[in-house]
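Please read the structure below before turning to the comments.
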Amino acid sequence: MTRDPIATARTLSEALPYLQRYAGAVVVVKFGGNAMGDEAAMAEFARDIVLMRQVGVNPVVVHGGGPMINELLGKLGIKSEFVRGKRVTDKATVEVVEMVLSGLVNKRIVQAINDQGGRAVGISGKDDDLMVCVADDPDLGFVGKPVEMNVQVLRDLYNAGIIPVVAPVATGMADNETFNVNGDTAAGAIAGALQADRLLLLTDVAGVKDASGEVLSQLTPSQVREMVASGTISGGMIPKTETALAALDEGVRAVVILDGRTPNACLIEIFTDEGAGTIIRSTEPRVKPRVRR
């Protein structure tokens, strides 16, 4: 492929205001969806995260792993049940969830980042009591709702130049209690506790769509609530927007729902005029106005 050096230089030059804007910023990235099962996509994601770290951004990666959990549960003959889009997690299931998230998925992402020249360390919500949970809903079993966040361990890691990679498994208030935490919920809680500049929720859709199916580039919290009430936002997008609104309430400056299958999606969002996906925020000045597609 022939590269245009002038175009490359122009792109780098146009990124300067955003490089300055995000120097030292904390960006929490929820990595999930089909990209997790694609080695090439994971390598590309890892490169983006390493580049963000290299130019002074402090990325914190939180991941899911639903497809891998389903695969192992199937092999073990354990049936999955879902209530309102969340996995019902009994004692046997939570052990499998922890095995997959903390032992398999987490270390794959850590290795992918390290293979790209970064320094990543994998932890779970149990480490240093990062996330302490109570049961989210009696119908869901060991599905946790974070009630205590202890994020100093994350600050210690990124202040040392290390990229934290967090598996959404948490401890409970009682001894020897383990909870499965929805990945988006965990990412939102971590972003709120860190007062992150951005929360990026990578998914398998281009963003939040209007009634005609067009992706909306920007939304305010009140617009999101209206779209949920009208049914325009439905299905799996509801918990994502709920996470976004909760994160904004906790002090996150903006949340972006974007397609993790898009090459360099994180870099496009952070470092270009166009941005990516749907940004949800209260009024906030930009370095300069974005022309969001």
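Counting starts with 1 at the first residue shown.
Just so it is clear, glycine is given a Cβ too, placed from its N, Cα and C backbone atoms.
As recorded in Swiss-Prot, the features of this protein are as follows:
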type    : residues                    : note
BINDING : Gly65, Gly66, Arg87, Asn180 : substrate binding site
SITE    : Lys30                       : site 'Transition state stabilizer'
SITE    : Lys240                      : site 'Transition state stabilizer'
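Location within the structure of each feature annotated in Swiss-Prot.
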{"residue": "Lys30", "record": "site 'Transition state stabilizer'", "DSSP class": "strand"}
{"residue": "Gly65", "record": "substrate binding site", "DSSP class": "coil"}
{"residue": "Arg87", "record": "substrate binding site", "DSSP class": "strand"}
{"residue": "Asn180", "record": "substrate binding site", "DSSP class": "strand"}
{"residue": "Lys240", "record": "site 'Transition state stabilizer'", "DSSP class": "helix"}
Inset, instruction - Could you round the CA separation between Gly66 (substrate binding site) and Lys30 (site 'Transition state stabilizer') to a whole angstrom and send it over? - result: 13
Inset, instruction - Could you tell me the maximum Cα-Cα distance in Å between the residues recorded as binding substrate, namely Gly65, Gly66, Arg87, Asn180, rounded to a whole number? - result: 12
Legend entry - Between Arg87 (substrate binding site) and Lys240 (site 'Transition state stabilizer'): CA-CA distance (Å): 15
Inset, instruction - In whole Å, note down how far the CA of Lys30 (site 'Transition state stabilizer') lies from the CA of Asn180 (substrate binding site). - result: 16
Inset, instruction - Specify the count of other C-beta atoms within 10 Å of the C-beta of Gly65 (substrate binding site). - result: 25
Inset, instruction - Starting from the substrate site formed by Gly65, Gly66, Arg87, Asn180, give every other residue of that chain whose CB sits within 8 Å of the mean position of their CB atoms, in sequence order. - result: Gly64, Ile69, Thr89, Val97, Val100, Leu101, Asn182, Gly183
Inset, instruction - Fewest other Cβ atoms within 10 Å: which of the recorded sites Lys30, Lys240 wins that one? Let me know. - result: Lys240
Inset, instruction - Could you tell me which of these binding-site residues, Gly66, Arg87, Asn180, has the greatest number of Cβ atoms within 10 Å of its own Cβ? - result: Asn180
